[in-house]
Structure formats: structure tokens, C-alpha cells
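Trainee: According to TrEMBL, the feature domain 'ABC-2 type transporter transmembrane' maps to A:19-339. Under the heading transmembrane segment, TrEMBL lists A:21-42, A:143-167, A:188-214, A:226-253, A:265-284, A:320-342.
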Amino acid sequence: MNTLLLVAGREIRTRIRTRSFIISLAVSALLVVGLAFVPKFLSGPDTYKVAVVGPTPAAVENIAFTPYPDEAAARAALAGGDADAALIDDRKIVSEGELDQRLGLLLENAHREAKIKSSGLVITPLQVETGADAQYEGVRTGIATLLVMVLFFLLIYSAMYVAMGVVEEKSSRIVEILLAAVRPWQLFGGKIVGLGTLGLINLGVVIGAGLAAASATGLVADLPPGMTGIVIGTVLWFVLGYAFFSALAAAFGSLVSRQEELNSVLTPMTTLMTLTYLVAYFAAVEPMGTLARVLSIVPPFSSMVMPVRSAATEVPVAEIALSAGLMVVAVVAVLLAGARVYNRAVLRTGARVKLAEALR
Amino acid sequence: MLEVQDLRKRFGDKVALDGVGFAVQPGEMFGFVGANGAGKTTTMRIVMGVLQADSGEVRIEGRALTGEDRRRFGYMPEERGLYQKMNVADQIEYFSRLHGMSATAARAATAELIERLGLTERRASAVEALSLGNQQRVQLAVALVHSPSVLVLDEPFSGLDPLAVDALAEVLKDRSASGVPVIFSSHQLDLVERLCDSVGIISAGRMVASGPVDELRDSEGRSVLKVVVRGAAPGWADGLRGQVTTDGGRDVLTVEDGDDQEILRTAVRAGTVEQFGRQRPTLAEIFREAVA
């Protein structure tokens, strides 16, 4: 175990200093932060500035009124960008270019309300009532879609590093000296643990950046309850998914002796991952569908579909338990088979080793 | 003592090892020679536990070798390999840790070895930036840093310039003098003859000769008697079972067996004896004879 940690430590130390790791960390964090700002950007400013000539209307939420002496001064303020619109003598609205739809409605509404009030009529506004699920549906779908992208990116990139590391040791022949000192499973396991730790660090940065951006933009108020559960669940599912795919990556990688051959030998793994990504994306959009429900139980699809489905909607605990149990079994099976293939193939340099031969 | 006993190994239909066995005493330097494909590398890989034998055993101090024993071995495979992007000191230290040294001991041993191998100025360089000669030194450092209990080196001298050969020979002698069994393979038979206490000759997966170098050279039927006589009449040696070649007025007689005193008397009667003595075959001659 000690040796396994030594191997893992080397992986972390050498990889964490590389430019590619730092870049991927920065890119994924920026992506998430950027996406957190999108709703704010699309929804326009929080407070509109309106230049007023003549009587100032009663206070309206989200609008700041500034009085101006005459229409010309108000128009000048508009042109200078000091106001989003101008209200002239309670009679007309002037704007530069198209009038913001929401601002238009707010002003129109305020105008009508003032007129109705002055006529003595009382109107009770309609009450709005929504289901608990529906209330956060939009945000949950948003988070789930984001999660799909982040999980897929991190899984495929971490697994690729595992495969590349295996081939690096095989092609440089250093594996022969390594295996004279350590057992194959220690090398296999150490690589997976080390690069997995880096993947977790990256996931942590992404989640941290996402939450920080959400609180900076005020989006955090819109987050559904149980976010902590979603975050913990995501991390655990990432660990399971990573263990599964990285074991595949290490096993397939050990079959070839040159980096150039890596892409073709990894095709089954990348295909499986892409498939998982597609169904998970589908599940994010339609979390209640049959496909999402079934595939969130079946490994290895569950590793991405379940966290996405849990983010998008409430999933019964029994289903989560069943799904996690099956995934753990699949992970153990793949780790054992992968270690076996690795053990048989990693010293056979030269031509690509056939998978069936290595498994026998 | 390290004993290799009756190793057998097949790769598919091909028999790689067909009962290979030898023993190396502590403090002994053992040269392992054989043609390409004879089974040297396979044997060494099995000793290191990198390959599994189909049958046979490697023993140390009379018991079967364990993973823990092997962890204290030092190994240099024929195909050299290092982490190209890792720096010299980190690399050596990493391997010493893998061989079971504590962090503190690893750091100290690494610093000392870097100094001894003259790599001090390159200690922070990535391996890929080093000259081939310096890469070889790092490779050696990786095999030596944990003060191995047994050293197994596959073609350690190949590709070295004469000065580097001498330097490496010194290092190996040093280790062997400290009581470590050293096994190395080489095609440079003069080098093996000069350095090794014992040799093993392997051919097509079998040991065809093994033992102390002196014994092999002295063993019966291998050494010949060489007599150089000047001014002898032709046919003087007809009564002896040997071969005569004439070279500038001198007859050179080589005899494989016979009574050397009788031969000497015959030669003295025939002419002026310029040279008389047993000539031991070189390792190269023994090798050619053994693998023929």
C-alpha cells in the first residue's frame, strides 16, 4: 500500500506542475464561472435608470427615477447613457433604440396602477402558486447540463492521462526497472489513485468556482435546496466513474508500446464514454423519462446519468442505492480484469498485444 | 549465495530456457555470456521476478527468493529506461524509495551517489536534456542507490566509451568487494575475462559451461603445450602427437596431451628451444568451442 502511495505521489508531483494541468484547471473554472454569469447577462440590469420630466411617479421596484428640467435634458441623458429610458410628462416614453421589454411593462404597469388608484378602484393582484419541483426546475436543469459537461470533460481527460502514463512507461522501457521493485498492481493502482486525485482537485476547483460565481451573481438565491447533497453525490459518482474508466484506460493502454497507437486502442473506451455522455445529456433535459430512469441504474452509464438525474429531479433513495451498488460491483470487476490485462501485457513491447491474449 | 536452479521457460512453441542453472557467491563477480537469443536476458528477467519461469527456482541463502528480497536487488535491464521529463535527483530518489528506503535515507543516498558519479551540476536537469553518457550514469545510479544486496546488470557495458567502461568496472568491483553477488552479461569477452571470478556460458537455453574462470581455462583438454624450436631438422616431431607449423626458421609445435618432459627432451635434442610452456585458452576460445 505504501508503495502504491509512492507511485501515486510521483504522478501527482510531476503532473501538477505541468502547463497542461494548470491550463485545464483554469479553463474548466472559467467555463463554469462564465456559465454562472450567463443568466445575469441575459436578464438585463437589476435596476433601470429612468429620466423623468414633469411629475415623478410613485416608487416602482427595480426602477430609479431621476428628474430632469425638460425633454431636451432628458434626451441628452439618454444619449449619454445615463438613463435607459425617459418618461415625459407622464405621457410618453422615449428610448434610444428599442425599449427594453421588461422596463416597458414596468412603466406601463405603474402608469395604469396610478390611474386606477386615482379613480378609486381597488384590484387585488392574482396569487401565484407553483409545485415544489417546478419552482426550481429551470435552475436544476441548468445545473444538470453543466454537470454533464464537467463530468465528461474531467473523466475523459483523467482517463486519457492514465493511458498516456502507462504507455509512457512502457515505451521508455522504464516499466521493467519499476516492476523489478514493485508489484504490477501497485503500479497500476498508484497511477489510477494519483491521477484520480488530480481529477478530484480539478472537480473541487470547478465546484468551488461555480458556487463562488453563483453567490457573486446572486444566483445562489435561486439554487434549489439540497445543493450540498448534490455536490457530495457528484463527487462520489465521479470517483466511481473515474475508477471504472481509468481501469479500462490503463488496461487498454498497456496493450500498445507507442503513443501513436493509443488512440486506436482506446476507441472502445472513448466510444463507451461518449455514449455515456450522450445519454447523460439526454437525462439532464428529460430526467423523468424511461431512458434516464433505466440508464441511471445500469453501469457504467449510471456514473454520469445518476448524478445528472439527481441534480435535475428528486430520485428515490432506493434507486440511488441500487445504482451505486451495481456500479461498485462493476468497478471492482473492471479493476481486477484491468490489473490482469496490465500484468500480462505491460512487459510485452513491440507489436500491439491482443486483448483476448492478455485476458486468458 | 544466489542460486539459479534448472530454469525452464517457453514462449509459445519456442523454448527459451531449457534447464539453466548456476550459482554466484557473495563478493563474486559472475559474467554471463552467450550469443544473441541464447537466453541471458530471459534468465535475468526471471531472477528479477519481472518474468515467471515455467519451472525451476531462484534461491538466496538456501531459500526461495521472495518479493522482499528482490526489492533490495539492483537491476539494469538491457533496454534502458528512465522518466525523460523527471530531473536527475528526483528520479534517483524516487527509485530509492521504491526499493524501500525511508525518505531521509533516500535523500542522503541520492546526494552521495550524484556526487560520486559526477552528476552534481546536472542534478536538477531533466533526463532528456542529458548527454547519452550522463543518462547511462543516471541509469546506473538508479540500480545502485539503495545499496542492493544483489546486482543484476544486462549488458551494462554496451555503448560505453573506454573510459566509461573502466569507471563502471571500478564501481562493480567495488560493490562486489563489499560482499555483493554481481551478475552481468556482456558480449565483450575480454572484459568478462578481466573482471569476473566466474563465468557462465549459455547457448540455446542451456548452460554449456560454468565455473571459475581459472578452472575453465585450466581444465583438461583445454590447455595446450606450445614449444618453439629453432634450427630443428624437418620431421623431428614425427613421434609426437601434435601439430607443427613453420614460421621463419622456427618450428612451433602445439600438443594437446602427452608427457611434457618427454616432449621437452625431444625438442632439446632437435634444436634450440626458445619457448616452452602451457598455453591457456582465452575465454573467447572457450566460448567459441562451447557454443559451436
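Note that Cβ sites are derived from N, Cα and C of the backbone, with glycine treated the same way.
Situate these features within the shown structure.
Mentor: Residues 15, 142, 146, 149-150, 153-154, 157, 198, 201-202, 205-206, 209-210, 212-214, 216-219 of the same chain, all 6+ positions outside the transmembrane segment (A:21-42), place their C-beta atoms under 8 angstroms from a C-beta of that stretch.
Within the chain, the transmembrane segment (A:143-167) has long-range Cβ neighbours (under 8 A, six or more residues past its boundaries) at 11, 15, 24, 28, 31-32, 35, 191-192, 195-196, 198-199, 202-203, 206, 210, 223-224, 230, 234, 237-238, 241-242, 245-246, 248-250, 252-254, 256-259, 262, 266, 269-270, 273, 276-277, 280-281, 283-285, 287, 303-304, 307-309, 311-312, 342, 346.
Beyond the transmembrane segment (A:265-284), the same-chain residues lying 6 or more positions past its ends with a Cβ under 8 Å from any Cβ of the stretch are 141, 144-145, 147-148, 151-152, 155-156, 159-160, 163, 245, 248-249, 252-253, 255-256, 291-292, 295-296, 300-301, 303-305, 308-309, 311-312, 352.
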